[in-house]
Amino acid sequence: MDKSTSRKRILAQLKEMPEKVHRERSGKIIRRLVEDPLFAGASTIGATISAFPEVDTSLLIDYCWSVGKRVAVPRCIPSSRGMDFYLLTDYDELENVYMKLREPRIDPSRYVSPEEIELMLVPGVVYSKSGYRIGFGGGYYDRYLSAYSGKTVSLAFDMQLAESVPVETHDIPVQHIITENEWIDTMGWRK
């Protein structure tokens, strides 16, 4: 199955998830992450501002703020399909941009370099246990990850896991995938 078909199929299934179930499963996934040494050892977390039906990252962002961790969120640059990350200290610092995304306002004093982000949450729609993923189709994260050397993790629901996904030469796998029922160290699944 090609990327576009897989993406559409999984997104349709995710959208059928009842809100209460979505909230409970998101909470379980976030708890699995924050209870792990991988999270404890990171002072700056790169996170997206999720939108339903993605795992709810607001739970993680709120927790990060409560324990004094820095949160950096991406601002897409459509002309180059690149991204820059900016420090987020309050949801009021976000604005609505294209494709209904909420992103930080551009403020050079709040720019966070790739070297400062110790743990990057990488979004996606479909994942293989080897860490490859089908994203939302823009290639933004693969471009960013090509120059990023920190830890990577994806938060996903079990239904987003697939036996395999199509892999292209520019695709960069994540190191860990956390679902409501599994913590997957993807290195062990790569040949």
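Glycine residues also receive a Cβ, built from the backbone N, Cα and C atoms like all the rest.
Secondary structure at R7 (ATP binding site), taken from DSSP and collapsed to helix, strand or coil, is helix. The ATP binding site annotation in TrEMBL covers K3, S4, T5, S6, R7, R133, I134, G135, F136, G137, G138, G139, Y140, Y141.
The 10 Å shell around the Cβ of E54 (substrate binding site) contains 21 further Cβ atoms across the protein chains shown. Residues or ranges marked as substrate binding site in TrEMBL: I49, E54.
When the binding-site residues F136, Y140 are compared by the number of other CB atoms within 10 angstroms of each CB, F136 has the fewest.
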